[in-house]
Amino acid sequence: MAQDWKSFEPLLIPDIPNLEKIDVYEENGGYDALKEILNDQETWSRKSVVEEVKQANIRGRGGAGFNAGLKWSFMPDPDGGPRYLACNGDESEPGTFKDRKIFEYNPHLFIEGALIASYAMTVDTIYVYIRGEYLSWVEMLQDAVDDAYEKGYLGDDILGTDVSIDMELTYGAGAYICGEETAMLESLEGKRGYPRTKPPFPAQNGLWGRPTTINNIETLANVPLVINNGADWYGDIGAEEHPGPVLYGISGHVNRPGVYEYPTGVPVMDLINDVAGGIRGGKDLKAIIPGGSSTPPLRADQLDGVTMNSDSLKDVGSMMGTAGMVVMDEDTDMVEVLWRIAHFYSHESCGQCTPCRDGTGWLEKVLKKIKDGEGEMKDLDLLLDIGNQMEGRTICALADAAVWPVRHTINRFRDEFEERCKKSVHAVA
Amino acid sequence: MADLSFTEEELEEIERLKDKFPTAKAATLRVLWLAQNKYGHVKDEVQRLVAETLDLPKAHVHGVARFYTQYYKEEKGKFVLDVCTCLSCQLCGGYDILHHLEDELDIEAGETTDDGMFTINEVECLGACGYAPMLQVTNGVYVNNLTKEKVDKLIKNLRNGNMPEFESMAMPELEKRNQAASE
């Protein structure tokens, strides 16, 4: 399968001019999946839609990789009160810049997917939360939503059925943490983006205390593909355990950075060399960060035969994350890179939990000391020790996300870090 | 500053924003945005206006305004240049761009020029990693694939009151295929 990727025709963002316009989307089979479901609710009961999506095994594209249909199935039975779908377009993990492509090039695919998800879960209101910096893309999506309302795909009695679903767009104001699903709910409620303790999980107690499911934008854009073509068809795309098309964001020291759509499971080296045009300036590859800044970096010598799917990356000690791959050439200073990542997490810690608020600050300070040539060998162990005291001791995963790159960058590039440190002074008896 | 208030039109817009959500509180972020677009900042007195308009505690609005980096808690220059230096931008020369701007405008990151035209900020990832280095102009348009020359041109244009236009960063593989088809 991995060899077939070159002949793959994009599904999420196919090469159709003006596809962002609703007429063009419709002419190309757009909203057919929604029509099929709503016009034949006997075949497509809400439960059978959940089952189909569960069977397709769409793994969440926001970073966690959880089966989307399974997530949907956690929603309790309707009790007549409001139920929500919260769509996560916060996209703030360094290295990640893919969802904005859907807003720009194929917004209706996402809208259709969100509508199908809402039908399946008996949701009446969809909130789309987009990062505040993406104002240009908020406007694009708003245009698409307005058109969908006008055509009767959104609002009351959709397509003449008794199904009514609304979609509201809103945006943040600059806070990475709001990409964490419960922080996003807090922000949607008009508050500081402080993650919530789980349980209760959002399916039980989400927006305004009501059942809520949170899905990533790209995840929802996969849903119409499954309905139109079936779970088996979808399961045959890409890596078996992590199927489907993926928007790979490739950045850093490559000749052709950008967002590319291919199936899961493309060999990492093919993505770098064939897709992104190789390393700039003909240099050698030093390392990659496979899926956003929190995923552990991998040395070039670890990449032999590694493909972009969660299992293959796990085998070599990393993760798929958001598939936002950052490529680094031979001249990259890993100490500088790690310090900058630590600076990011320190800046973005919401401050709620002490191990994270203080820990991310210390990671940054100690790394700055090393970067400036003032560090000592024992500081490397101090960094690992701080990390051990942060991981798993906080409400959300931001602390973990800050620790993983520190631990793995030091372990995998230990020589480089030791070289920057002064020798420790040891007491000799 | 004189007493602040929203116009009838703005109050109508605020009602529309409140209608998006089941609670008035949920509109806090949006109304802070509206206020910042009007006044250019959300300093204390603007926060108070937002709190009174939404009938919420001032402390709540203050807490929200402080939490999110895009709200200006102090007055900024006419154009705020948010230069990304995070990860991919760092790798692709984001700091060179930041320092070049600092030299050209003779201020440091976080400062505003004496004429009140420009503020420079060093910011975290803006989600344009493939088009690094880049910056955002006053919470609006992204300017991508920066070079020193492109920065100089941007400054010159902004001084003349010309905002940069939205740059659509095409999907490279689509571009490639379209090229192949047209040949």
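Placed from the backbone N, Cα and C atoms, the Cβ positions cover glycine too.
Annotations in TrEMBL come from automatic prediction, not curation.
Keep in mind the model is a prediction, meaning the values are calculated, not measured.
Features as listed in TrEMBL:
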BINDING   B:C84, B:C89, B:C125, B:C129  [2Fe-2S] cluster binding site
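One residue stands out among the binding-site residues B:C125, B:C129 for having the most other Cβ atoms within 10 Å of its Cβ: B:C129. B:C125 ([2Fe-2S] cluster binding site) falls outside any helix or strand according to DSSP and counts as coil. In the three-state DSSP scheme, B:C84 ([2Fe-2S] cluster binding site) falls into the strand class.
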